[in-house]
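Feature annotations, reproduced from TrEMBL:
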REGION    B:1-48  region 'Disordered'
COMPBIAS  B:34-48  compositional bias 'Low complexity'
TRANSMEM  B:70-91  transmembrane segment
TRANSMEM  B:111-144  transmembrane segment
DOMAIN    B:119-345  domain 'ABC transmembrane type-1'
TRANSMEM  B:156-180  transmembrane segment
TRANSMEM  B:211-230  transmembrane segment
TRANSMEM  B:326-345  transmembrane segment
TRANSMEM  B:416-441  transmembrane segment
DOMAIN    B:473-677  domain 'ABC transmembrane type-1'
TRANSMEM  B:480-499  transmembrane segment
TRANSMEM  B:511-536  transmembrane segment
TRANSMEM  B:542-559  transmembrane segment
TRANSMEM  B:591-612  transmembrane segment
TRANSMEM  B:659-681  transmembrane segment
Amino acid sequence: MAKRIDVSGMSAYYGGFKAIDDISLTVEPRTVTAFIGPSGCGKSTVLRTLNRMHEVIPGARVEGKVLLDDVDLYGQGIDPVAVRRTVGMVFQRPNPFPTMSIYENVAAGLRLNGLKHKGDMDDLVEHSLRGANLWEEVKDRLRKPGAGLSGGQQQRLCIARAIAVSPDVLLMDEPCSALDPISTLAIEDLIAQLKAEYTIVIVTHNMQQAARVSDRTAFFNIAGTGQPGKLIEIDDTARIFANPSQRATEDYITGRFG
Amino acid sequence: MSGERPAVTDTSGPSGPGPDRADLSAPEQVSSTARPSGPGRFRRGPAAALTGRSRRGDGLFAGGARGSALFLLVLMGAIVAFLISQAIHAISADSVNFLAAFEWNPDDDPSVWGVALVAWGTLVTSLFALAIGAPIAVGAALFISQYAPRRLAQVLGYVVDLLAAVPSVVYGLWGIIFLVPHMGGVSRIVSAVLGWIPIFHYDGAPAPRSVFAAGIVLAIMILPIVAAISREVFLQTPRENMEAAYALGATKWEMIRLAVLPYGRSGVISAIVLGFGRALGETIAVAMVLSQTGTFFTHFLEPGGNTIAANIAIQFKNAFDVGRGALIASGLVLFVMTLLVNYLARWIARRGVISDDGMAAGTDADQSAAGAAAPVASPVDVYHHHAINPRDAHQDPGFATRSLSSVAPRRRLTNLAASGSVAAAFLLAVLPLASILVLVISNGARGFGGNFLYHSMRNIAESDPGGGAYHAILGTLEQAGLAALIAVPIGVMVAIYLVEYGSGWLARSVTFIVDVMMGLPSIVAGLFILSLWILAFGFKDSGFAGSLALMILMLPLVIRSSEEMLKLVPHALREASYALGVPKWRTVLRVVVPTALPGIVTGVMLGVARIMGETAPVLLVVGFTSSINQNPFSGAQGSLPFFIYNEATQPYQPAIDRAWAGALTLILIIMILNLAARLLAWWKKPGRA
């Protein structure tokens, strides 16, 4: 059940430093939304506020609202742990658990949550690995360590691990930045498939990638070092790249800065 | 928002018109049925899913970690408070100033005692050991890290690490059996050659069991630890710094003075100070080598001398009420001394880190004359204050004619002399250590025959051959095992608290306490268990009392090593787990701890190896028996270090043979544990496969 994300009037802080200033945007279900912008503009921070990973960093806090289908993620009685089961995340560097096998990595989300479905687990692992386009490559070595895979395979393993807990939303923080072009292509194909089931938000430095995989694109920018990041505009990807309404967006996309 | 640029132009954002949203949300209903059924079976109710569920586990686990930290705090508080109260009791009974008096007759009436004599002995003996040991150790470390061929260096590094684990009772055994008989001659030579220096002047026939002998044993004991740390520090010299020096045409020694020594300076000094702290607290080897006297000594070669720790070990069993308090007071003085020394070491090490701007900076003593405190690797700096000075170049024919075949003779000679001294230091370090190992192995193997490993000393007179150490081996294994059983869970939980939860006053106090405990002389731990568990609570001597003392010594080792290992777990793994919606406590238990486990186990094994060789604490509390006692909770129990100590101090050859065999057994157990720990660390090292 892919869900809609509504961010309204959201600011994020690291201690006394305001990293994000008053952002509002909407992410529609079953779409891919790309966050682009120069380094340090806060796009990863915004992404991490969407599953309350932001507050894992000591001193970090968030103001404003993030609605997931009308439930405020920062509202009373909301457990950040439960939020993260609903909003999955894939990181910049592939980070499979080094002590676990490929199989255990995929099953980790459920097992670590104390759920045991002995019979179903095999199905779930296979389903998730197929969902991540990795099954054919690893089905004969499920008991081998996940760290033994190539970088691109590791990243797909992390995607399988994320979708195994059946999230509603999948956040990807520069998922291809540590990968070679072939592996990047594999992940991009996968994103196109996953779109059928999940709401996907992807942070990327690669504008071609944003153009290739996303339906909508949000452009973030900062006025200067030490200034908070701001959302400049969000629009259909085709329009952002062909005919953005903001000058700053055009400058960035045409490579005039950033 | 900055006024010039409208910050958001969002055609469908919250500011956008309502219908836009409705349109886009329509497909959601359609496709919820289209979703594959596979993972759907594992869904939880979506409505309730976002509210709390994980809190209780988190609370319990965090509470457990915090509780362990508090326990440690209370334990140490109790130790210090109890020792102080005992000491005050004795100090108030004292009829003279306890800091300044030289006499030690606390149980007389009136009580007359002071720590001045033993404190003086401790300081002088340790300083003497440091003066001999530190330069040799640093030279040996330089040799291993910079001069020895790479493969040999690796082997030597392991050997030094292993030697650092040889228990002090073995050094004491070597000192009393091998060194002391040879000391008469050495002392005569020293007296003849250095007699013009007052401290080395001695008129009578030099006594073998002197401060001089004790200082040498102590110097040999601190060699491996100082060398091991210095070697680590030297190995970390950034390659770029070394290459920068070479690229300017520095000889090997000039490179070392330019890059290696300044980089490692603070690390090496703190290693030396740590070695000093260790020498201060050393008990059993000194107690074995010195013939204690109660007189003030001013000459190294006189018989006699005494140290605080050795005095406690020898006197405690014969002391009465005030006497025990007086010994505790002297133990506290020792504690304060080691504490200050350890803090000095840490302060020096930290100062090195702070002044370090990507590399250790600072001036070499000689270089400071040149007036520069700039980072060493700066090529300009290197150029300016070394032999490759442009001014020298003019007077230096080799340099002026740009000969490619050799450097200036003076520089070549310096380099040669330096290489020679470093190699000599290495040999000086290796000789006594090799002698110890060879004697332990050859003498030990001889005594190993028969039933040494399977028999006890029951009904065997000390003067008779035969008998064995079974009772002692059993006791040591049980005592160390029990100590680990208590120390490991508490220690690991405290480490988890510090790394995963710690902040604020509790974390700061626990870190401080662990620092303090790291420098706790082992005799003081024994003293505490003796006075509290046995004298105050009225329990009898037992193996378990020994375990408690060893536990106090092991706790900081476990906490510190586990803390380091937990810190090494990449933050990305915790984030990956959190992002799967796993509560913190499960993340710690199922992801963080398993990842750090090989390192934690290695640390625990090294800790067990370390406490197994501790003699001083068990000496005071396990009692003495020559029979097998399998129950550590009742009755006196044997202990291998105590066995070695006891046999080594008997005047009979069979007993001395048994002492060597016991030393071999103890070293073998410790080495096996060490090797196993290192193998485990190597085998589980990430990326090995």
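From the backbone N, Cα and C atoms, a Cβ is placed for every residue, glycine too.
In terms of C-beta pairs under 8 Å, the stretch of B:211-230, B:542-559, B:591-612 lying closest in packing to the transmembrane segment (B:480-499) is B:542-559.
Of the candidate ranges B:416-441, B:511-536, B:659-681, B:511-536 contributes the most Cβ pairs within a distance under 8 Å of the transmembrane segment (B:70-91). Sequence-distant contacts of the transmembrane segment (B:542-559) (same chain, six or more residues past either end, CB-CB distance under 8 Å): 72, 75, 79, 475, 478-480, 482-484, 486-488, 490-492, 494-495, 498, 514, 517-518, 520, 522, 525-526, 528-530, 533-534, 603-604, 606-608, 610-611, 614, 617-618, 620-623, 629, 631-637, 639. Within the chain, the transmembrane segment (B:511-536) has long-range Cβ neighbours (under 8 A, six or more residues past its boundaries) at 72-73, 76, 78-79, 82-83, 86, 277, 280-281, 283, 309, 312-313, 316, 324, 327-328, 331-332, 334-335, 338-339, 341-343, 346, 494, 498, 502, 545-546, 548-550, 552-553, 555-557, 559-560, 614, 616-621. Recorded stretches compared: B:156-180, B:211-230, B:326-345, B:416-441; the one with the most Cβ pairs under 8 Å to the transmembrane segment (B:591-612) is B:156-180.
Counting Cβ pairs under 8 Å to the transmembrane segment (B:211-230), the stretch among B:111-144, B:156-180, B:326-345, B:416-441, B:659-681 with the most such contacts is B:111-144. Counted over residue pairs separated by six or more positions, the transmembrane segment (B:659-681) shares at least 3 Cβ pairs under 8 angstroms with the transmembrane segment (B:156-180), which defines the two as touching.
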